[in-house]
Amino acid sequence: MKPANRLARLDSVRAIGVLLVIAYHTSYRFEPQQSDLIGRTLRVIGWMGVDLFFALSGFLIGLILSKEKNRRDIGMFFRKRFFRIVPIFVVAVIVFGAGDWLLAGGKNLTHIWKPFLFLTGYMLPFQGEALVPYTITWSLSVEVSAYILLGLLAWYSWSRFKLVLITVVLLSLPLRVWLAFGLGWEDHMVGLFPPARFDAIALGALAALGLFDKWLTIPRPALVYGIATIGTIILFRFATWYPPFIGTIGYLIFGLAAALWVAALARIEAPSNRFIASAASVGLVSYFMYLFHLFFIEALLLIDARFEIELGFWPAFVIASAATYGAGLISWRVFESPLNDYAGKRPASDPSLVP
């Protein structure tokens with residue numbers, strides 16, 4: 001398996017994920033027409049793009065940690081994750097704070113420490129959106145917590161790593177059922193709470209460690225599990241009549257399908273085509289696009305109101321996506337990529353085990 005081909009296909013999945021999220025948020029600022037079946041569907045299921053990120057992150061965590069089994073290598077894992085996640089995240093939170101000060105009189109500044117410390121997902125179910133700003137950072141609460149916990153577990157006892165991942169998957173569903181039915185949490189709040197979502201990360205990691213290899217021996221597994229993943233997203237459009245389904249077993253079903261799709265894509269050795277290469281370039285900057293896309297959508301909303309343009313959903317979605325992508329490329333080349341290069345440096349005597 002050539003790393004470039006593998007990463008291009010996985011980055012293509014990231015592109016699908018971030019574009020789903022952008023479409024979802026655009027649809028609530030620029031509502032699709034009633035006759036727009038695709039736009040109305042994206043308004044309901046676009047949020048599931050985040051769950052694709054979880055499957056990818058889990059797979060890459062498992063893949064990387066399986067190659068880094070001594071403590072020095074685990075330290076490098078944390079170093080690289082820190083420089084990949086934290087600097088641009090801090091910039092995004094500062095931009096949010098500046099925008100809040102300029103446009104809303106700074107009403108959220110007293111609570112901005114919550115997203116700044118990656119606590120959004122932990123705070124939202126208990127305090128609500130009124131007291132927890134920059135709510136899209138809830139997914140970072142899940143991912144950062146998973147990086148820390150799984151990294152420490154691999155550092156402490158690699159021999160128990162797979163067993164703990166399986167335990168996480170088995171416990172997550174009962175936890176969600178208890179939150180939904182025992183405590184009466186709303187479906188979307190269950191989905192924001194990190195401990196209730198760790199199974200999505202764990203399933204991706206287990207796929208990387210080979211637990212589902214037998215499931216990948218079917219003919220054309222990438223196509224089959226890709227259809228299953230996208231099909232599940234679309235079917236969830238019709239599961240809203242019974243919200244606890246998505247918030248309990250639905251996450252498990254989608255997490256497994258997505259993990260299998262990612263694992264199948266990672267096995268493809270054929271060269272990437274132009275479409276995959278183009279999609280991968282979007283996936284490369286998907287983290288920036290996720291953090292900053294709401295700023296561009298809100299700016300479009302202000303411009304639309306000021307000049308009475310009356311942008312529809314699709315023009316707004318295309319403009320917001322293109323603008324965020326362009327800004328992401330600049331950020332990657334000027335800011336993020338140099339930091340990643342710095343984070344990956346090792347002493348000359350220290351052979352790299354990081355792919």
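In case you wondered, yes, glycine gets a Cβ from its N, Cα and C as well.
Because the structure is a prediction, the values reported are computed rather than measured.
What TrEMBL lists as domain 'Acyltransferase 3' is 8-331.
Among the features that TrEMBL reports, transmembrane segment is placed at 7-24 (among others). Here the transmembrane segment (7-24) has Cβ contacts under 8 Å with residues 39, 42-43, 45-53, 55-56, 59-60, 136, 233, 261-262, 265-266, 268, 272, 276-277, 279-284, 286, 289-290, 293, 297, 317, 320-321, 324 of the same chain, all six or more residues outside its ends.
If you look up TrEMBL, you'll see 44-65 (among others) marked as transmembrane segment.
Note on the transmembrane segment (85-104): residues 112, 115-116, 133-134, 137, 140, 143-144, 147, 287-288, 291-292, 295, 298, 331, 335-336, 339 of its chain, located 6 or more positions outside it, place their CB under 8 angstroms from a CB of the stretch. As annotated by TrEMBL, transmembrane segment applies to 85-104 (among others).
Residues or ranges marked as transmembrane segment by TrEMBL: 131-156 (among others).
Under the heading transmembrane segment, TrEMBL lists 163-185 (among others).
Under the heading transmembrane segment, TrEMBL lists 197-216 (among others). Same-chain residues lying 6 or more positions outside the transmembrane segment (197-216) and placing a CB less than 8 Å from one of its CB atoms are 51, 54-63, 65-66, 121, 142-143, 145-146, 149-150, 161-162, 165-166, 168-169, 172-173, 191, 251-252, 255-256, 258-260, 262-264, 266-267.
What TrEMBL lists as transmembrane segment is 223-242 (among others).
Residues or ranges marked as transmembrane segment in TrEMBL: 248-268 (among others).
What TrEMBL records for 275-301 (among others) is transmembrane segment.
Residues annotated as transmembrane segment in TrEMBL: 313-335 (among others). Beyond the ends of the transmembrane segment (313-335), by six or more residues, the same chain brings 19, 22-23, 26-27, 29-33, 36, 39, 87-88, 91, 281-282, 284-286, 288-289, 292-293, 296-297, 300, 304 to within a C-beta distance below 8 angstroms of the stretch.
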Dominant neighbour of the transmembrane segment (44-65) in 131-156, 163-185, 223-242, 248-268, 275-301, by Cβ pairs under 8 Å: 248-268
Proximity verdict for the transmembrane segment (275-301) and the transmembrane segment (131-156), three or more C-beta pairs under 8 Å: yes
Overall pLDDT for the domain 'Acyltransferase 3' (8-331), taken as the rounded mean: 94
Surrounding residues of the transmembrane segment (223-242) on its own chain - C-beta under 8 Å, 6+ positions past either end: 20, 41, 44-45, 48, 52, 250, 253-254, 257-258, 260-261, 264-265
